[in-house]
């Protein structure tokens, strides 16, 4: 059915800029955008359903392209200890850190993981998020990684949001493989990835390239295994040190390389040449009180597309608001509100391999958009917290939580 949405202004985000249409109208047909433009040029015809958006600013639905939404337990106690002077090493030695999340996730049932993740996901959805990526990586064995990925598929089936599922088995070394990282990588490549891919649980494969995780050589083995299975790759890279993981990601035409505080200009050039998206995660930068900024000028100079995501996770970015991340990207990384909004729409879509169908408001694309009662698009990165008055449309149908 054709539906007309009118009396609005639109920031289409085509080509990664606002691309504003004043006094606009949008015609949707089923789940797709059939026409968009100035209301004065609206094609004549019958529109069975007409919606008055009352002067709202319409943007594409927000896309959170890097989250770890599904996990067991809670690490707020560790947060408190760190602020009382206990070091991360001491916390880890006492069984805390990522090991505690792995234990809690392994012990939790699928239903328990679903219930806790659904609450977190609904918080993102109330922020205007219509598409989200979720990673495994807190199971670190086949059964537990499968459990997480099954929960991700279930969330996609039961909540009105589009979901991409990423296997991050190469996130950390599980306790049963202590001091045997190469053996664990072998297990991922030979057993875990083929089994999980065969079950249709994986849309992409990620890894953590860092001195406290996996080496570039080990990550490359994961990439080769993923590509043999026809799966695109992504990478956590250059968060804490420079191992040139982002250049490795570019060599394998990764969808994205994420974090990137320690990347250099050569890495930026490599990413530009492969059109690999730089996903910046200001929540983790803020929460860890980091001081090394991503090389914004190099990214801009070489025209690397920049996305912004929440990195929602229990250890380093317990962030339930993507809009807050837009503000942090502006205040911490000195991005403009326009760059930040592109980072949570069209560039985030590219980081998920979805830019042909999502991320901007153009004819033929999926009709996912938000009508915000705001004064200008920059308000999305300006206001800190709180719920903005809005209407959310997903696949051409108004959605509510």
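Cβ atoms here come from the backbone N, Cα and C positions, even for glycine.
Contacts of residue 236 (Fe(3+) binding site) defined by a Cβ separation under 8 A and a same-chain sequence distance of 6+ are given as 206, 207, 208, 209, 210, 213, 245, 258, 259, in order along the sequence. Residues annotated as Fe(3+) binding site in Swiss-Prot: 66, 68, 236, 311.
Per Swiss-Prot, Zn(2+) binding site is recorded for 66, 68, 236, 311. Within 10 Å of the C-beta of residue 66 (Fe(3+) binding site) we count 31 further C-beta atoms, all protein chains included.
The 4-imidazolone-5-propanoate binding site annotation in Swiss-Prot covers 75, 138, 171, 239, 316. Sequence-distant contacts of residue 239 (4-imidazolone-5-propanoate binding site), defined by Cβ-Cβ distance under 8 angstroms and a gap of at least six in the same chain, are 210, 259, 260, 261, 262, 284.
What Swiss-Prot lists as N-formimidoyl-L-glutamate binding site is 138, 313, 315, and the listing cites sequence analysis. For the recorded site, residue 138 (4-imidazolone-5-propanoate binding site), the DSSP three-state label reads coil. Counting every protein chain shown, the Cβ of residue 138 (4-imidazolone-5-propanoate binding site) has 29 other Cβ atoms within 10 Å.
For residue 171 (4-imidazolone-5-propanoate binding site), the count of additional Cβ atoms within 10 Å of its Cβ stands at 23 [all protein chains shown]. The C-beta environment of residue 75 (4-imidazolone-5-propanoate binding site), restricted to residues of the same chain at least 6 apart in sequence and closer than 8 Å, consists of 96, 100, 101, 314, 315, 318.
Listed in sequence order, the binding-site residues near residue 138 (4-imidazolone-5-propanoate binding site) (C-alpha within 10 Å of its C-alpha) are 68, out of 66, 68, 311. Cβ-based crowding with a 10 Å cutoff singles out 313 as the top-ranked of the binding-site residues 313, 316. Residue 236 (Fe(3+) binding site) carries a strand DSSP state (E or B).
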